[in-house]
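Asks: This is the feature table in TrEMBL:
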COMPBIAS  A:9-21  compositional bias 'Acidic residues'
DOMAIN    A:128-317  domain 'ABC transmembrane type-1'
REGION    A:1-21  region 'Disordered'
TRANSMEM  A:46-68  transmembrane segment
TRANSMEM  A:130-158  transmembrane segment
TRANSMEM  A:170-187  transmembrane segment
TRANSMEM  A:193-210  transmembrane segment
TRANSMEM  A:249-274  transmembrane segment
TRANSMEM  A:298-317  transmembrane segment
Amino acid sequence: MMAVHETQGEEEFADEPTEGGVDEVEARVGLAYTLKQVKRDSTARMGFYIIAFITAIAAFVSIDYYLLDYAMAKAIPFLHHPERDPEVINTLLPPVGMENGLGSGTWEHPLGTDHRGRDILTRLIYGTRIAMTVGFMATAIGLVGGTLVGAVSGYYGGWVDDVLQRITDTIYAIPFLVLVIAFMSAFGRDISYAMVGVGIASIPVFNRLIRSRVVSIREEEYIEAAKAAGVKDRNIILRHVIPNSFAPVLVQATLQVGVSILIVAGLSFLGFGAQPPTPSWGQMLAASRNYMLPAPTFSIWPGIAILVTVVAFNLLGDGLQDALDPRINN
Amino acid sequence: MSEEPLLKVENLKTQFFTEDGTVRAVDGISFEVYEGELVGLVGESGAGKSVAALSVMRLIDSPGVIVDGEVTFKGKTLVGYEETTGEPGEPPELVEREEMLTEEEMRTQIRGREIAIIFQDPMESLNPVFTVGSQLREFIELNRDLSGTEARAEAVQMLREVGIPEPEKRYEQYPHQFSGGMRQRVLIAMALACEPSLIIADEPTTALDVTVEGQILDLVEELQRKYDTAFVWVTHDMGVVAEICDRVNVMYLGEVIEQANVEELFYDTKHPYTEALLASMPRPDRTTGELNPIRGVMPEAINPPSGCRFHSRCPDAREVCRRVHPDLRAIENGDHDGDENGRVHRAACVKHDAFDVGYPESEPLENEATGGFEVGLTQEGSR
């Protein structure tokens with residue numbers, strides 16, 4: 001019997017991956033790899049650039065708003081003060097090269113003016129601040145909350161899981177918009193409550209997604225190995241369970257930013273969220289509704305802004321999904 | 001050298017309470033591991049080897065429960081109950097003895113520090129999203145009081161120790177950039193990193209091909225000599241047992257049915273199951289090309305057979321085997337009457353004189369092994 005094994009084992013073979021094999025396998029994990037994959041995908045790349053562009057504008061106008069009190073808006077020629085009514089009031093002007101019953105478009109207001117004579121382009125640009133802040137913050141709240149709840153719930157199972165998931169189901173059963181409106185009615189109509197409200201309402205989305213992954217991840221042998229090595233539960237969840245469950249959550253988060261922007265625009269349209277005169281896309285839409293016939297272009301511009309932003313996030317999300325999916329080999 | 005055993009397992013019982021019934025995965029096993037000893041735990045799939053190994057570490061998850069028995073390690077009680085009461089089919093009420101370590105103590109004193117475990121599948125035992133080095137370092141930081149850079153140096157040193165070429169470079173790589181054998185080396189490095197007194201190896205070479213397996217076994221033997229670590233080696237491969245083990249426990253259906261030094265086990269086999277297991281090994285020195293499998297399949301642990309659990313497949317089975325459930329007893333046998341530590345050859349089979357239950361007079365039993373059908377498995381077909 002012993003002879004059997006000796007013939008197979010004793011002979012010294014050169015250890016397989018020594019020669020040159022080390023560099024040839026590419027690391028298929030991590031941020032650098034993911035970005036590389038996303039860059040290969042042309043639609044995802046476009047989404048990424050659009051988001052980068054809008055985010056840059058949002059950062060610029062936020063600085064102007066918070067620190068400079070619209071000084072930059074006054075300094076840059078084609079921008080106007082986004083909130084104050086102008087001295088010479090030309091309401092509902094059409095864009096350049098077009099005419100409506102109230103006048104014809106001028107280069108001073110390339111996209112026309114709104115019902116109070118304010119420049120639409122300026123207000124669109126300054127509207128990115130609300131849209132992006134709300135999109136990212138609401139998603140961040142949902143992401144962090146949902147990930148923690150979902151990971152704990154999936155990892156421990158049993159009654160912990162039952163309690164957390166039934167609460168989640170309860171929240172999920174209430175329509176999204178109704179939930180946020182109820183939340184804002186209780187706490188206040190301010191935009192920051194809209195942000196928190198949308199964040200809380202999106203916790204179930206992330207919670208369920210990550211829980212379903214964690215339930216399978218927790219059975220993996222490296223989790224067992226970590227337990228056998230004496231790692232604390234908390235560190236197992238944070239270091240081993242969540243990072244391995246995170247890929248679909250990241251994709252969902254990207255899509256969720258778009259969804260949040262859309263929801264908050266909807267809220268603003270209904271009169272919740274950003275209050276006049278703060279420029280926001282949803283509120284511009286709401287205002288334009290009354291002037292659809294005399295100035296149809298007024299309502300088109302904020303619509304396009306919302307559409308482009310949401311589509312950009314969707315494109316990036318799809319690209320990320322492909323990049324992070326181990327089954328797609330490119 | 002007749003010191004106290006390092007690990008002592010007595011009458012350990014682990015059961016899984018499922019909807020179909022109670023699975024008695026480990027049903028009253030006892031064995032000892034002395035310092036620096038390599039002890040084999042051998043048996044077919046489903047014999048309860050892995051559950052036994054995990055029970056020692058108290059890593060059994062629901063619905064599994066360690067329902068009875070005692071595990072002591074270096075004078076500490078890992079498992080020990082004051083009393084156990086309960087209905088059959090229900091998890092019992094367990095009253096832990098005062099000296100039994102709490103979960104927190106298990107985690108901070110035993111797991112990783114004193115007893116390490118190497119799992120079966122090296123492909124699955126490393127976290128795919130972190131570099132090998134960071135995992136090794138995390139483990140070293142966790143169990144030894146070393147700072148970040150010291151831990152890193154130690155991790156690289158451990159990688160070198162287990163024969164990984166270019167350890168500095170390998171440290172920065174992810175598990176998928178390692179081959180199976182290399183990953184198993186990493187896991188061995190991880191297990192050894194904290195210089196535990198005992199390493200439980202749960203079929204660590206099963207997922208590897210034979211040449212790599214040979215290298216890993218050589219490595220383990222070398223490191224075992226160097227660090228003087230005791231091993232519990234869980235395997236189903238008698239070849240591996242022959243190569244590295246000092247003592248062997250053969251398990252069948254949740255019970256240890258033979259316990260002996262490795263030479264005695266191979267050259268003076270006392271239990272028909274062990275014999276059958278040895279006979280079923282593929283032998284390149286035989287020309288017939290026929291394998292000699294153990295007839296039948298292992299019965300379910302939910303409903304184990306009466307009497308000797310092996311009687312339904314045993315070529316030596318007699319009427320009495322169906323009635324009498326043999327315990328593990330020392331077998332008298334002239335020359336090999338225990339070694340210098342008084343560790344004797346034990347077996348649980350009534351055909352030996354130590355059991356006086358009337359085996360010689362009993363009628364032979366009809367079963368798959370004695371009068372059963374022929375299963376023509378060829379060696380090529382099953383490998």
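Note that Cβ sites are derived from N, Cα and C of the backbone, with glycine treated the same way.
For each feature listed, report its degree of burial, its nearest neighbours and the pertinent distances within the displayed model.
Replies: Residues 38-39, 125-126, 128-129, 131-133, 308-309, 311-319 of the same chain sit 6 or more residues outside the transmembrane segment (A:46-68) yet have a Cβ under 8 Å from a Cβ within it.
Sequence-distant contacts of the transmembrane segment (A:130-158) (same chain, six or more residues past either end, CB-CB distance under 8 Å): 54-55, 58, 62, 164-165, 168, 191, 194-196, 198-215, 217-218, 233, 236-237, 241-242, 245-246, 249, 253, 256-258, 260-261, 263-265, 268, 273-274, 278-281, 305-306, 309, 313.
Away from its own ends, the transmembrane segment (A:170-187) comes close to residues 193-194, 196-198, 200-201, 203-204, 208, 263, 266-267, 270, 272-273 of its chain (Cβ-Cβ under 8 Å, at least six residues beyond either end).
Same-chain residues lying 6+ beyond the ends of the transmembrane segment (A:193-210) with a Cβ under 8 Å from its Cβ atoms: 133-134, 137-143, 145-147, 149-151, 153-154, 164-165, 168-169, 171-172, 176, 179-180, 183-184, 187, 242, 245-246, 248-249, 252-253, 256, 259-260, 263-264, 267-268, 272-274.
Among residues of the same chain six or more beyond the transmembrane segment (A:298-317), those with a C-beta under 8 A of the stretch's C-beta atoms are 38, 43-44, 46-48, 50-51, 54, 92, 111-112, 114-115, 120, 124, 127-128, 131, 135, 251-252, 254-255, 257-259, 261-262, 265, 281-282, 284-285, 287-289, 291-292.
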Asks: Against which stretches of its own chain does the transmembrane segment (A:249-274) lie, if we need a Cβ under 8 Å and a gap of at least six residues from its ends?
Replies: 130-132, 134-136, 138-139, 142-143, 146-147, 176-177, 180-181, 184, 189, 191, 194-195, 198, 202, 205-206, 209-210, 213, 280-283, 285-286, 302, 306, 309-314, 316-317, 320-321, 324
